[in-house]
There are 6 protein chains.
Amino acid sequence: MADPSTLTHPDPEGGVRMMDASQKSDSARTAVAAGRVHLGEEAFRRVREHDIEKGDVLTTAQIAGIMGAKQTDKLIPLCHDATINGVEVDFTFNEDEQAIDVRAFTKSFGVTGVEMEALTAVSVASLTIYDMCKSVTKDIRIGDVHLRAKTGGQSGNWKSKSEDTSPAES
Amino acid sequence: MADPSTLTHPDPEGGVRMMDASQKSDSARTAVAAGRVHLGEEAFRRVREHDIEKGDVLTTAQIAGIMGAKQTDKLIPLCHDATINGVEVDFTFNEDEQAIDVRAFTKSFGVTGVEMEALTAVSVASLTIYDMCKSVTKDIRIGDVHLRAKTGGQSGNWKSKSEDTSPAES
Amino acid sequence: MADPSTLTHPDPEGGVRMMDASQKSDSARTAVAAGRVHLGEEAFRRVREHDIEKGDVLTTAQIAGIMGAKQTDKLIPLCHDATINGVEVDFTFNEDEQAIDVRAFTKSFGVTGVEMEALTAVSVASLTIYDMCKSVTKDIRIGDVHLRAKTGGQSGNWKSKSEDTSPAES
Amino acid sequence: MADPSTLTHPDPEGGVRMMDASQKSDSARTAVAAGRVHLGEEAFRRVREHDIEKGDVLTTAQIAGIMGAKQTDKLIPLCHDATINGVEVDFTFNEDEQAIDVRAFTKSFGVTGVEMEALTAVSVASLTIYDMCKSVTKDIRIGDVHLRAKTGGQSGNWKSKSEDTSPAES
Amino acid sequence: MADPSTLTHPDPEGGVRMMDASQKSDSARTAVAAGRVHLGEEAFRRVREHDIEKGDVLTTAQIAGIMGAKQTDKLIPLCHDATINGVEVDFTFNEDEQAIDVRAFTKSFGVTGVEMEALTAVSVASLTIYDMCKSVTKDIRIGDVHLRAKTGGQSGNWKSKSEDTSPAES
Amino acid sequence: MADPSTLTHPDPEGGVRMMDASQKSDSARTAVAAGRVHLGEEAFRRVREHDIEKGDVLTTAQIAGIMGAKQTDKLIPLCHDATINGVEVDFTFNEDEQAIDVRAFTKSFGVTGVEMEALTAVSVASLTIYDMCKSVTKDIRIGDVHLRAKTGGQSGNWKSKSEDTSPAES
């Protein structure tokens with residue numbers, strides 16, 4: 001086999017690679033991600049009152065988020081396949097913002113983290129809320145999708161600095 | 001990060017979760033599932049005589065069952081991804097019932113069982129038989145899809161009581 | 001291009017084909033399929049009382065069935081991709097049988113029917129009920145998965161003869 | 001077949017349905033969605049300077065967004081399968097915000113809109129940017145995912161009121 | 001590469017797009033693609049004699065090719081989703097070359113062609129032959145995957161010049 | 001449970017099986033596969049000059065190859081799911097042949113090899129090059145897709161004899 005180092009990358013700037021994860025060590029890993037779906041007055045009220053024609057918004061979004069987490073490595077080109085041990089997706093009604101706060105928790109044991117799985121769960125759950133409410137209003141915004149905390153892995157534990165003052169937590 | 005226990009589940013009854021499997025221990029696991037596709041006289045005869053226009057029914061169903069097993073966690077919302085080490089799908093012509101008895105065997109090593117993979121293999125193989133025979137008759141019924149036995153895992157070995165007297169086995 | 005008729009099929013018995021649907025005419029099509037999940041006393045009671053640890057069984061099964069219908073042509077090797085216009089999955093508690101009766105309705109407009117989509121929805125919904133109840137009992141059986149009726153298409157309307165006397169309907 | 005109206009929905013609040021789209025008329029449809037990925041100083045600079053270890057961030061995100069749009073109906077439970085005629089995903093470097101503004105345009109001809117496809121393209125492209133930059137910083141936020149405009153369909157053309165003053169547009 | 005900061009499209013050279021197909025007109029379309037799997041003496045003989053441990057090579061490859069065709073737009077980033085009306089995958093034993101000649105035929109009606117679907121069917125069928133024979137030998141080569149002919153669409157009919165003299169046809 | 005050996009395979013020749021991999025031992029595994037896409041003069045020149053209307057051919061093909069590798073076990077019926085630790089797809093402009101040489105490298109740790117993943121990456125990357133160039137010419141041929149080397153696993157290391165003299169390497 002030719003020495004890979006002699007191969008010409010036709011476009012060294014354009015090249016992408018799925019990083020080698022085999023040097024990382026197995027460990028328990030968790031991640032928590034969050035986001036917020038701004039619905040406006042009417043859609044917010046109708047979700048809370050179970051008055052959306054397509055059906056139960058939050059259970060549908062919860063299941064979509066969990067199933068979405070399992071598709072993460074198929075959606076994100078350079079993301080590794082993590083064997084997910086557990087996923088939870090929760091919602092909080094945020095009255096002040098007329099928004100639904102979405103939170104996802106993922107857990108695995110292995111060489112790669114589950115941050116992207118948690119973020120994908122939040123995104124897919126949020127898109128599902130959008131889809132179910134879009135006959136009420138199209139003025140819906142999905143905001144502030146971010147990682148709140150992670151544990152395990154080479155880079156150890158991490159916690160978002162903004163969490164203490166996040167309105168979602170108060 | 002906020003204490004998860006203080007988060008308000010907006011609808012405690014509606015909430016679903018993909019259970020945390022990380023406390024389970026790795027072990028070899030197998031499962032056998034079975035089902036029966038009632039074809040009626042003409043379709044049964046034609047499957048046996050390789051006289052179905054779409055082609056070889058049982059090989060197609062066998063492959064569909066194996067591939068279906070690998071999609072289990074993408075189809076069943078709260079099912080974990082098991083790393084399948086082997087899948088077999090077998091068929092028996094059941095003359096008395098003018099039916100095809102479908103059996104699937106799955107094997108893995110890991111923290112989660114492969115019962116759902118075996119049951120999914122049986123279901124997808126059975127639906128494939130249906131699909132290939134539906135130009136002959138629409139009076140086809142898929143019945144008695146069940147787990148026959150499993151080994152390994154926290155709950156240990158298990159065997160369906162009805163197996164001894166099941167017509168499929170006599 | 002060589003005349004296809006002169007090509008040697010190496011194994012004429014083994015050959016499979018996805019039939020040419022292009023001569024069929026566009027029409028509105030619907031299908032209704034049904035099945036029954038025998039749960040036994042405890043699991044039946046607990047599903048009805050929303051007392052299953054994994055969460056809301058029927059909503060999860062409903063969503064799984066709808067999403068499964070959309071995967072039909074990816075699961076069934078020779079099945080065409082139908083553009084589904086609508087899917088409904090319903091459940092009835094069958095007290096006498098301690099079973100859940102599953103019903104799926106599918107609708108499309110195009111050259112191919114949606115019978116397989118309805119049957120797949122029933123099967124995936126039933127497997128999901130199984131998955132969520134399997135910590136209660138493994139003695140669960142999925143039975144009587146069949147087509148109840150279809151409308152539209154070349155072969156016209158069709159209704160299962162057994163429907164009038166089916167216990168699910170009485 | 002039983003009159004569907006007499007079927008008992010076991011949980012009328014929990015029921016979900018994929019709405020019947022067959023009464024809608026075929027028409028050309030387009031949608032534009034947008035979002036913003038806040039990267040912070042270092043990751044923003046490195047994306048712009050093509051200095052991310054995993055490779056070319058924006059081309060990868062662009063392709064992920066396009067491919068994600070094609071998966072929309074598999075991710076969002078009650079979303080119909082739209083036959084997409086075209087997808088574009090664009091990026092703008094937003095110096096003031098140290099963010100990348102993501103925009104997706106989708107086009108189809110059929111009975112269902114492509115708003116969800118555009119929003120999914122934006123979300124998956126944004127998650128991909130996140131994934132490629134997360135070794136630089138975990139303080140990345142995906143914000144303001146929303147529909148900017150749509151044309152065609154029963155509800156006609158629609159434009160987000162906020163577009164005129166959005167910094168992304170100025 | 002252009003300076004990203006000066007453009008709406010940050011990187012016109014690097015940008016990719018899924019071309020707008022909506023101006024194309026609906027028409028019947030077909031495509032034929034071919035390829036050749038060089039197996040070497042032993043594997044060639046064993047495939048022909050049905051003596052491969054994993055099972056029936058050609059039926060498995062045939063089904064894999066058909067199912068692969070249905071995944072084309074999910075595998076090829078900028079490929080449109082064609083509604084496939086029919087797929088056939090055929091094989092010819094090529095004694096001289098100790099190879100299996102693979103041929104796929106695809107058919108659709110719509111705005112986009114099915115050349116990529118036929119080529120994908122050939123590739124996936126060929127990879128499946130490889131997979132089933134790789135315990136016999138690893139010296140297997142998939143060669144000459146190409147389009148032989150297409151009909152329909154804006155660019156009309158087309159036929160590969162080399163077909164007349166291709167050994168596969170003689 | 002009945003002794004599996006007494007089950008009648010209705011068609012012993014037609015049966016397929018996903019081999020039991022559980023007796024294999026975990027080990028680091030790598031594979032390198034290669035292929036060549038013959039483009040002809042004009043398409044070759046235009047790929048090199050970034051003058052293809054659909055966009056950046058090689059980056060798109062690279063990402064498609066990486067994502068394709070992650071779909072291998074879903075495409076190849078009897079292939080096991082390998083947990084891929086890393087994938088690289090590289091290209092070399094082959095002036096003499098007016099071709100692009102495609103090379104894929106895959107890495108995993110587990111009981112099954114990653115040869116099929118490397119070959120699938122090459123095939124999907126090659127098909128993507130085809131798709132992006134097919135508006136320039138339809139006379140494109142994908143040739144010589146083969147395994148160049150593998151390491152790890154029960155059968156140990158292996159290297160294709162032809163590599164030393166392959167024009168791709170000279």
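Positions of Cβ are set from backbone N, Cα and C atoms, glycine also.
Feature list (source: Swiss-Prot):
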ACT_SITE  F:ASP131  active site
BINDING   F:LEU78, F:CYS79, F:HIS80, F:MET116, F:GLU117  substrate binding site
REGION    F:1-25  region 'Disordered'
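Features per Swiss-Prot, on structure.
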residue	record	CB count, 10 Å
F:LEU78	substrate binding site	22
F:CYS79	substrate binding site	25
F:HIS80	substrate binding site	23
F:MET116	substrate binding site	27
F:GLU117	substrate binding site	29
F:ASP131	active site	25
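Here the Cα atom of F:GLU117 (substrate binding site) is found 21 Å from that of the residue listed as 'active site'. Distance from the CA of F:MET116 (substrate binding site) to the CA of F:ASP131 (active site) is 22 Å.
Pairwise Cα distances among F:LEU78, F:CYS79, F:HIS80, F:MET116, F:GLU117, which the record gives as the binders of substrate, peak at 13 Å. According to DSSP, F:MET116 (substrate binding site) is assigned to a helical segment. Chain E comes within the C-beta cut-off of under 8 angstroms for the following of the recorded positions F:HIS80, F:GLU117, F:ASP131: F:ASP131.
DSSP classifies the residue listed as 'active site' as helix under the three-state reduction. Proximity to chain B (Cβ-Cβ under 8 A) holds for F:LEU78, F:HIS80 out of the recorded positions F:LEU78, F:CYS79, F:HIS80, F:MET116, F:GLU117, F:ASP131.
DSSP assigns F:LEU78 (substrate binding site) to coil in the three-state reduction, placing it in neither a helix nor a strand.
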